[in-house]
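Taken from TrEMBL, the feature repeat 'Filamin' covers 76-131, 131-223, 221-311, 314-406, 404-504, 507-599, 601-694, 696-787, 824-918.
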Amino acid sequence: MWSDEEDQSSEPVEATWEEHSQFYRSFSRFMSVSEHDRREMVRVFFIEQDVPVLERSDIDFVPTNMLSGFFLQTHKAEVKMPSGQVDKPVIDDNHDGTVSIRYDPKEEGIHELAVKYNGEHVQGSPFKFHVDSISSGYVTAYGPGLVHGVTGEPAQFIISTKGAGAGGLQMAVEGPSKADITYHDNKDGTVSVSYLPTAPGEYKISVRFGDKHIKGSPYFAKITGEGRKRNQISVGSCSEVTLPGVISDNDLRSLNASIQAPSGLEEPCFLKRMPTGNIGISFTPREIGEHTVSVKRLGKHIANSPFKVNVCEREVGDAKKVLVTGNALKEGKTHQDNVFSIDTRNAGYGGLSLSIEGPSKAEIQCTDKDDGTLNIAYKPTEPGYYIVNLKFADHHVTGSPFTVKVSGEGTNRQREKIQRQREAVPITEVGSQCKLTFKMPGITSFDLSATVTSPGGVSEDAEIQEIEDGLYAVHFIPKELGVHTVSVKYKQIHIPGSPFQFTVGPLKDTGAHLVKAGGPGLEHGEQGVPSEFNVWTREAGGGTLAISVEGPSKAEIEFKDRKDGSCDVSYVVSEPGDYRIGLKFNDRHIPDSPFKVYVSPAMGEAHKLEVAQFPTGCVQADKPAQFMVRKNGAKGELDAKVVAPSNNEDDCFIQLIDQDQYSVRFYPRENGIHAIHVKFNGVHIPGSPYRIKVGKDDVDPAAVHASGKGLGDVKTGEKTDLIIDTCNAGAGTLAVTVDGPAKVAMDCTEVEEGYKVRYTPLLPGHYYMTIKYNQMHIVGSPFKINCTGESLAEAGGQETSSVIVETVAKVSKGGNRTGVILPIFKSDASKIQSKGMGLKKAYMGKQNQFTINAGDAGNNILFVGIYGPKGPCDEVFIKHTGRNQYTVNYLVRERGDYILLVKWGDDHIPGSPFKVEV
């Protein structure tokens, strides 16, 4: 900065921020920012123009056109030392999309390293590490494996025993999974240690020397499941027993059965009709001895129930007797079948479950030879370490989990990821204006509708407003606390993500299972064109949202926060093919993630095609329907298929009407929402896939509700249940899936209000129950269930149990509740005071009066009624004088004794009903 008074001989004085800001303050609107993964520092340029005249008289230098530059730091790291002070490490750009962090410690003890990218912690940050003096004479340990790692990849560290004298060295790794430990003596006073974690979570690494922990031990390493894919299969092997009594197929719907072992463990078991017509049960024997089988109808034992069943030793499943052979459990190759064999002939009865987790989702094929032996083939597409969990009768077979090193060429799939912090939204109160936003470009708001159902079951229409082009908001005012259901439909079909859960008042639960995502970008995409979808995190509370796109080309991901617990995400890819969209919240996949998306080649000539005479409203099942497709001069081949709600696919019949027009005919065979895919030269035409309702599809997932002890806290080994209320939801497909530390025995039977689901967990931990109705989540699904108690099975990878039922239409006795619902009042009628002659004596033809003081009684509605010898009195007038003070006047025209009732809400006030003499 220069001025006339400045002494040129004096030393330069650094300009103050206030002086700088005179130049920079007005130009921020001209600034543009460009950020790249591969650079630590990004240079940002802007041109200063139209500089206003400065008011400061001591500055006579005014730029007319100046190019300014400054830096934005996208990568940031800091170290918190044991003393609490914060130090800065050195960040080196490797110019390959990665950075290296170097730090010269100044103190001994536990340090904490925070690494941020664009202001957000990277996965696993902050990291903890221990610093010790090399010349201390103590045994020390150092290396990344003491701080962080990735499942299925060796985590390594080094132990230095230089100058420590003689003593025994002991190591242990505890965590969510078994971790095989290997070590190598380097013959220089150091030992290289490697352990292989097979599940994400926090691992405790203990290093002892001479039966004492070394300095810093135990260490805690954060192991992430980044980029890991999992596939699993289950093969049943159950014991079948025929019981006395004849049963029909219709009876099976209303009967349920459970079996109790000698130890008291009770599990649901499956009922079936044997060829003889007798009742049959199917179960997995776990213990030797007499078991008790209870068969009930609507909670009551049927004739001859309970039954006694004896289980001998050879029938009980024994995982130790399962033989597994094949080199494919040690090493494998990409892009080819890797085969191993399983022999269960001498192992008794038990279900076999297999899961494979690694850098790619390996395709699994099972060949059952029907003699107690099976061949398993898996085909991975990426090299690396894979974890194979193999369990029989809920216990690991010998050697499981297996660590398999897969070699070979990969698919060169590229992955891009962003992370954003999501803040918890403020608590919504009763009577406040609520808003739920969603983006659906290319539609008209006239075809949108929304309803809000309160916790009390009352449904009301909600207002939908278009905030900007393609962005809509549902507005409503809640009248009670609790979980509301918001249904948003386009042309009478739920939009992706609907029905939504919307909590008024404090959130009862938080977590990834309450995040929802939906939109065209999670269903299909087009090369070079942005694909968009919505993510709703409002119900999940605060946390970190991670979005990844993996496929043949690197994606450009954009994120826009709507500041109301929802956001827009769009991505663009340069190559067509199959992509996986991963959405994680606090390092856990949200429901239905990862999403498989096929990105088609650039539309090209396909954009010229248009559809005409598409059926409106409902079409009938088992009857053909058709529509027209105009080519408008495009050259190429047209193909079409229809996908039913059951995911069955059928080709459409295409006929060329003239040179420029096709007729497309399809033949739906089931009721429900169908998707019609119309492609031209292998590329979706505009608007494809088209959704159409077939039959009188009155199925509404928003009307289905789940309740019961089975959705709360449960205990291992105890049978628990829940009710799924399908009244007024129509007939559809009910699918219940439980994901957790172990498989659960589960069944589903029909009851008056819907369906009862029973299950017995065997391992403690968190279970997630997904309930879908016609392939759509009901409100609250998936439900998080906390299980405590002793372990009754061996832990392994996550396992899935499921049951599917074709439901029948049910109607509640009360029918649908509609109309206005009263607020939930908090009041105490016993605190009301009343006084006045009108409470005891009244005069004919005159205004009789008394007063009510409800100032300390909370909020409610005052009801006053007077009934005489010949009916109600002629006139009652209530006036609110403020602060819950009321004056009541009434007029009577007949002599006799009257009854005066005064209620505060549903409760009588003290003294009511009063006897009044006229």
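The chain as shown is numbered from 1 upward.
Keep in mind that glycine also has a Cβ here, set from the backbone N, Cα and C atoms.
TrEMBL entries are annotated by machine, without manual review.
For the repeat 'Filamin' (314-406), the mean pLDDT of the prediction comes to 85. When each of 314-406, 696-787, 824-918 is checked for Cβ pairs under 8 Å to the repeat 'Filamin' (507-599), 696-787 comes out on top. According to DSSP, the repeat 'Filamin' (76-131) comprises 0 helix, 31 strand, 25 coil.
Here the repeat 'Filamin' (314-406) is broken down by DSSP into helix, strand and coil counts: 8 helix, 50 strand, 35 coil. With DSSP classes pooled into helix, strand and coil, the tally for the repeat 'Filamin' (824-918) is 6 helix, 50 strand, 39 coil. Across the repeat 'Filamin' (601-694), the DSSP tally of helix, strand and coil residues reads 5 helix, 48 strand, 41 coil.
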